[in-house]
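*Asks:* Take this structure, written in structure tokens, and hold onto it; I'll ask about it next.
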Amino acid sequence: MLKDIFLFWGSLFGYDHTAIYIFHFLLVVAITMFIAVAVTKSMRLVPRGLQNIIEAYLSGVIALGKDAMGSEKLARKYMPLIATIGFIVFLSNIIGLIPGFEAPTASLNLTLSLTLCVFFYYHFEGIREKGFIKYFAGFCGPVKAIAPFMFVIEVISHLSRIISLSFRLFGNIKGDDLFLLVMLTLAPVLVPMIPYALLSFMAILQAFIFMVLSYVYLAGAVVVDEEH
């Protein structure tokens, strides 16, 4: 019965969770692409409707990046990546609140994939902005005597970001899904409205945190010390 409530699409895949997550992620990507095409197809000088909402969202992402990186120019430069990932994370989170659907971000495979995209991209940008030697020399710190030790610490610190960013999103959304499943099973239909509101807020919050940390990691990679 529980599977019938939350895994409506599971009947198409034999309750193969990997296939279910992939299906819902492709659905999220399709929705994202549809919205992007719908907004850009008929853009107006004075935005209204969906264009107004998307422009407000992008302005918010730029403001977020400016606070995180200390530069509006850099915030705008990386806005397409951060805004796209943030939107996909939000949709992936929120779709899990619909009975019969499952949040793609409740799969560690997706959260790890998104994290690796950010991880490799900010290192790529750091190397491109500072050069290979200068970028990794920054891992050694200002004191030459302990440079090898600091380098190892920095490498471990950067690798730990993969675990913290991916597991934070995965753990929170998976927990939210299980909580909602229990509430819908034990309580009447109207009672879970408060948990729905709370979980909707958590879906937004987790997407926000993912975007903030992505901007912070990019700032640490590309912002030169003199610019602080």
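Residue positions begin at 1 at the first shown residue.
In case you wondered, yes, glycine gets a Cβ from its N, Cα and C as well.
Reproduced below are the annotations present in Swiss-Prot:
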- 19-39: transmembrane segment (TRANSMEM)
- 81-101: transmembrane segment (TRANSMEM)
- 107-127: transmembrane segment (TRANSMEM)
- 136-156: transmembrane segment (TRANSMEM)
- 178-198: transmembrane segment (TRANSMEM)
- 204-224: transmembrane segment (TRANSMEM)
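I'm curious about the neighbourhood of these features; can you describe it?
*Replies:* Long-range Cβ contacts of the transmembrane segment (81-101) within its own chain (Cβ-Cβ under 8 Å, at least 6 residues beyond either end) map to 5-9, 24-25, 27-29, 31-32, 57-58, 61, 64-65, 110, 114, 117-118, 121, 169, 173, 176-177, 180, 184, 196, 199-200, 202-204, 206-208, 210-211, 214-215.
Beyond the transmembrane segment (136-156), the same-chain residues lying 6 or more positions past its ends with a Cβ under 8 Å from any Cβ of the stretch are 130.
Within the same chain, residues 61, 64-65, 68-71, 74-75, 78, 81-83, 85-87, 89-90, 93, 105, 114, 118-119, 121-123, 125-126, 129-130, 135, 161, 165, 168-169, 172-173 sit at least 6 positions outside the transmembrane segment (204-224) and bring their C-beta atoms closer than 8 Å to a C-beta of that stretch.
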